[in-house]
Each structure stands twice: as structure tokens, then as C-alpha cells.
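Taking it in order: structure first as C-alpha cells, then the write-up.
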Amino acid sequence: MAPDTTVHVQSVGSSSTLNDDDRELEALGYVPSFKREFSNLATISFAFSIMGLCSSVATTFNTPLLLGGPSSVTWCWILGACMCFTLGSSIAEIVSAFPTCGGLYTASAQLCPKKHRPVVGWVVGWLNILGQVAGLSSTEFGLANMIWAAVVIGKDGSYEVTAGKTVGLFAGLLVFHGILNSFATRHLAFFTRGFVFVNLGATILIIIVLLATTPRSEMHAASYVFGSEGLINQASGWNGGIAFLFGLLSVQWTMTDYDATAHISEEVKRAAYAAPAAIFIAVIGTGLLGWLLNIVLVLCSGPLENLPGASGEAFLEIMVLRMGKTGALILWAFVCLTAFFVCQTALQACSRTVYAFSRDHGFPDRGYLAQNSKITQTPLRAIWATTIFSVLPGLLDFASPVAANAIFSLCAIALDLSYIIPIFLRRLYRNHPEVEFKPGPFYMGDGLLGWACNINCCLWTLFVCVIFSLPTELPVTPQNMNYASVITGGVVILSGIWFIIGGHRHYKGPTSNLHEKEETGSEDDDSKKFDRKGDITV
């Protein structure tokens, strides 16, 4: 990322005007543009919040339960969580080496030869933005459904929820999150610190209360929770094996957007340490606690034929069955609050990616979206552009609920594909003279462990992308078609055509903006740019 002409002189001491994080960022070729207000606690809270355990499980619980059966809920979660752990670890070591708000998008272009950087950066950038927009949109859409489900329960099933009401609430919530994200970084960091306690606290409380309020005689047998009795194929037209694998959607959608923490790394203190550590901790914590939550939900679920109930949310119906309407709605408010926090952090992360892509001239906007507000020092233009883009997927609900549910699969497909590309490139070009991967503090090494994690997560991602591209019902009709693969493929193809026709003229891959600092005359002896070997570059 740094200019090709370098003068190799040993750096002496630390800069008086730049801290270690900002020197590292300049070594990657970027002028520090954000205030580093996120502490270790706020960063870990952000990583947990982007997954939003109890709300994410609540939003997607219907899929494994009503397609593959109770055993699909239990086993698909732990299987997917183990695989996601290898992906999260592989991402963490790349984030540790490239702590920029571009995340894996910036890293991918640095992990291949120069002639391939524009194409690789373009594809990964668009996939990552598509996945993040779909993730934000699907979470906000899920939150809208969760709120209306509470209304239905409160009205004893006598309230009708229409597509117009759902989309209207969805759009209103997005606008509200856009307003909240317009605050300065110090305020965002302050908000975020408490998210993890609500997220994990609500999950643990739901587990305890469900177990306490379910009579032992009404709990399902182990064979129903873990065994063949719980393998109930309810996927129309598919065999039991495919129906079982549809259950992977819940865990893959919950445990995604790993690199969201990377997108705020220019706002994080000691980013090369804190960002990957937060990803690693959040993946382990979410995987284990999520498995326990799913086991308890199935154990206390009651008759399968009564689900998902009048509200359409099996998670909520189980809570009502065991806790009563009042107790369930009180705890459900915390589940909704968790989803609210997910949307807050997802919009922040996605807007930083849009900012980074615009900064590298990935949009034909002449860097319009890569401008920070002088008041808040946050990218307000990118925040509101992201908010507007995220409304569009939710409009699929006017076509059909099945079409709207495709945005959940779309999120997992697009994001995970954008993740495995830099992981694959790092191994493919590890000995190329134009590619230098300098490991960060979080590094699995070049031995068996690192290779096994990298290969496993790439193969697993390709496998689940195939599963998530399948329609959940056969025969396929326009109403039950899974549009996730169509949208993903369409965006890749259209963005590729755009790149060939005109995009290549303004986009050359992730590009240093250090010249902007030089033009303002802010460079002096104390703020020289250091390359990643500790040498001064000119």
C-alpha cells in the first residue's frame, strides 16, 4: 500500500504526534481519519453485539425447527459453530495484520500480485458490502417481525400483521438507527460498552427461566433433542438429509459478519490486538452459549404441531407456553433490545466499509461518501447511504414472505464468500515476491494448525453456500424461489460488467491517501510515514 520508493533507514523511537495504531495505519497507506475511542471492553461488546445471540436465534429458530426438526436445531448449531470457529480464527489473523476500516476488503487486494488487485478488491468489496447490507436489512426485518409478534401475543392472536405494517416498521427502525449512528465516535463507544451485558444476560436469563418453569414431566426426552426421534422432515419435496442441513442457516446467519470489528479498527485502541481478540472471544462465547440455548429451547418446546403458533415466532411461543404471557413479553423485550443493538453495530460497520470503498474510488462518486463530518468526525454520508440501501431488500416482503427470507441466506452467502477469498489468496500467493503478509499479534502460524483452519473454512463455506442457495420447498415456484443465489450472482455479474465498462478507469484497488496529508502540509519529521518493516518511506 505504501509507495514503491522507500528509503530504508532505521526508525528511532516513537513519533510524538502519532501513536502506534496510527503509525501502523500510515504504514498500510492511510491517513488516520477517526478518533480511537473504542476500549477493549467496547470492542469485545461490539463483536458480541454484531452476532446478537438470543435475538439472532429467535429470528432464525423457525428454519431448523420447522424444516429439519428438533435434532436439526441441536446438531446443526454445534456443527456450524465448530466450522465457524475455524473461519473466525482465520479472519482474526488477517484482521490482526491489516487493521483498517476496509477490513478483509483491503486485505484481499494486498494478498495478491499487483496486476490482480483491482479485480480482487472490486469483487471482494462488492460482495462484502452486499453481505453487510443484507445482514443489516435482515436483522432489522427480523426485529420488526419480533415486535409485531409481541403485539399479536399481547392481543391474544386477534391482531393481523400485514406486509405494509412490517415494512413500514422496518424502514422506521432503519432511519432511527441512522440517526443514532450519526453521533460522534465517543458516544458510539459509550453506547456499545453495555451491549454485551444485555446480550449475554438476556440469553442466560431465558435459559434459567425456561428450565425453572418447565415441569420435568413435560421436558422432551434426550432422543427427541439429540436422537432420531427429533429428525422430522418437514421440508416439502426434499429428503431428510437436505432438510436436516437447512438447519445450518440459524448458526451461519448468527455467527457471521466476523470482520465487523475490523471495520471499526480505525476507531479502536491497540487495534491489531483488540480487534482479532474480540472476534476470537465472541466466536467461542456465541458458539457455546448458543448451543446451550438451542438445547434448552428444544427441551422445553412442547408439542411440535403447536409451533410456530399465532405469532409466527416459535421462540416466543415456547416462552409464552412456559412463562405465561406477561413473563414472556418482559423477557422478549430484552430479546428485541438485543436485535436493536445488532442493527446499531451492523450499520456502523457497514457504513465504514462504504466509506473505505469510496475512499479507494470504488464508487463513481469522486470520494463523496469518504468524507467525515467536521462536527462528529464520522462518515455521515456513508451512514445515510447505507441506511437507504438497506431499505431495499426489505421491500421483497411485498412479493412474498419466502422472497423476504432470502435476505437471511443472502447475508451468509455474500459475506462468507468475501471472507474466504483473502484466506485463499494468502495461501496461494504466500511465496510471491509482490505479496508480503506480515503477521500481526494474532497468528496461528504456518504449521498444520493454520493450514487446517484455512482449508477447512474455505471448503465449509463453499458447501454451505450451496445449501443456502436451495429453495426450501419443491417444486420451485416464483413464490417459494430462493432469491439469495440470484441476487448474489446478479450483483457479481453486474459489478463485473460495470468494472469492465467503466469501473477500471476510476478504481485501481485499495489506494493510499497519504498524498492528501502531504498536500495539506502536515508532514514533518515527527510524522513521517513508516512502512511495515519500521522503515521510513518517502
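Keep in mind that glycine also has a Cβ here, set from the backbone N, Cα and C atoms.
According to TrEMBL, the transmembrane segment annotation covers 38-58, 78-107, 119-137, 157-176, 188-211, 231-251, 272-299, 329-357, 378-396, 402-425, 446-470, 482-501. Marked as region 'Disordered' by TrEMBL: 511-538. The compositional bias 'Basic and acidic residues' annotation in TrEMBL covers 514-538.
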Problem - Maximum Cβ pairs under 8 Å to the transmembrane segment (329-357) - stretch from the list 78-107, 157-176, 272-299, 378-396, 402-425 - result: 378-396
Practice task
Mind pulling out the one from 38-58, 378-396, 402-425, 446-470 with the most Cβ pairs under 8 angstroms to the transmembrane segment (78-107)?
Solution key: 446-470
Handout entry: Whether the transmembrane segment (38-58) meets the transmembrane segment (188-211): three or more C-beta pairs under 8 angstroms
Key = yes
Practice task
May I ask whether the transmembrane segment (272-299) has at least three C-beta pairs under 8 Å with the transmembrane segment (446-470), counting pairs 6 or more apart in sequence?
Solution key: no
Exercise for the section: Sort out for me which stretch, of 119-137, 188-211, 231-251, 272-299, 482-501, has the most Cβ pairs below 8 angstroms to the transmembrane segment (402-425). Expected result: 119-137
Exercise for the section: Tell me, please, if the transmembrane segment (482-501) and the transmembrane segment (231-251) are in contact, taking contact as 3+ Cβ pairs under 8 Å between residues separated by 6 or more positions? Expected result: no
Practice task
Six or more residues out from either end of the transmembrane segment (157-176), which same-chain residues have a Cβ under 8 Å from its Cβ atoms?
Solution key: 136-137, 140-141, 143-145, 147-148, 151, 310-311, 340, 343, 347, 387, 390-391, 394-395, 397-398
